[in-house]
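Read through the structure below, which is laid out as structure tokens, and then see the notes.
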Amino acid sequence: MSMRLPFFNNKKTKLNETPELDTIPKHVAIIMDGNGRWAKKRGLPRVAGHKEGMDVVRQIAKAASKCQVEILTLYAFSTENWRRPKSEVDYLLRLPKEFLHIYLPELMENNIKIETMGYVDMLPDHTKEAVDYAKEKTKDNDGLILNFALNYGSRFEILQAVKQIITDMENDELSFDKLDEQRFSEYLYTTGLAEPDLLIRTSGEKRLSNFMLWQIAYSEFWFTDVLWPDFKEETFVQALDDYQQRKRRYGGV
Ligand code: FPP
């Protein structure tokens, strides 16, 4: 059964007035880009863009929750981001703790569940402790899953899946014949999560940057020139509205 979402009837957003719940993307993944350029335009240090970007994470998580998106995956720190100056890396890795310190009560109020994906063992203890605490605290929430990609790289993810598969085959825990796409995907960080229906990248860049390469095989892509710190609820709803106009064929006709 489909339902009307009152949220979309907001005149300011000039959206399709009759969206149906069954056309809302279940899983939206976002490559949040443009923080540095946003700061530079204002003569501010790059980290000021990341700080502003953190607040946008809060707004978009609330918007996604309101729109009844089930999973919102955000690319917060990639395996390549270690190449940035140490001060910027340190800042980026302090943001999850700061975000959760400020917004955890609000996330709880909104029934949001925190998840992470990535090679978390390499993260500083304070980052791991903050996300572990938030994951434990929110584990029984059954609203939006807010999934942070932290120290995430898709090639690394696929490679570690292959290594684990080989190990499981050597230990007779997985047979060669049983390995299919479904079984393979269970070795990825996203096991148990639906694949992204919609992938958004901000700031005008049109690259995937090693993000969810397996999982986005059939995702719709949506690009905007808007820099992440300027990305508003209206922009997010615009992306959902565009998504609703598309016909997904999955290779069929
Ligand atoms: C890319 O912009 C953005 C990042 C590498 C970091 C994204 C992080 C946030 C938006 C904040 C995360 C918040 C939480 C709660 C974890 P860029 O710095 O590459 O921008 P540029 O291309 O303009 O230089």
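Using N, Cα and C of the backbone, Cβ positions are placed for all residues, glycine too.
Curation does not apply to TrEMBL; its annotations are automatic.
Features reported for this protein in TrEMBL:
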- D33: active site (ACT_SITE)
- N81: active site, proton acceptor (ACT_SITE)
- D33, E220: Mg(2+) binding site (BINDING)
- 34-38, R46, H50, 78-80, W82, R84, R201, 207-209: substrate binding site (BINDING)
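Positions of TrEMBL features highlighted on the structure.
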residue : record                       : Cβ neighbours (10 Å)
D33     : active site                  : 23
G34     : substrate binding site       : 24
G36     : substrate binding site       : 21
H50     : substrate binding site       : 22
T79     : substrate binding site       : 18
N81     : active site, proton acceptor : 17
W82     : substrate binding site       : 13
R201    : substrate binding site       : 23
L208    : substrate binding site       : 14
E220    : Mg(2+) binding site          : 18
G36 (substrate binding site) to the residue listed as 'active site, proton acceptor' - Cα separation in whole Å:
13
Counting only residues 6+ apart in the same chain, whose Cβ is under 8 Å from the Cβ of W38 (substrate binding site)?
G49, E52, G53, L227, W228, P229, D230
Cα-to-Cα gap, L208 (substrate binding site) vs E220 (Mg(2+) binding site), nearest whole Å:
13
At the Cα level, what's the spacing in Å between W82 (substrate binding site) and the residue listed as 'active site', rounded?
16
I'd like to know which of the binding-site residues listed (G34, W82, R201, L208, E220) lie near ligand 1, counting only a CB under 6 Å away.
G34
Measure from the CA atom of R201 (substrate binding site) to the CA atom of E220 (Mg(2+) binding site) and give the result in Å, rounded to a whole number.
11
T79, N81, R201 screened against D33 (active site), Cα within 10 Å - retained recorded positions
R201
Measuring Cα to Cα, how far is H50 (substrate binding site) from N81 (active site, proton acceptor) in Å?
13
Quick one: Cα separation, R201 (substrate binding site) versus N81 (active site, proton acceptor), in Å?
17
What Cα-Cα separation, expressed in whole Å, is found between G34 (substrate binding site) and the residue listed as 'active site, proton acceptor'?
14
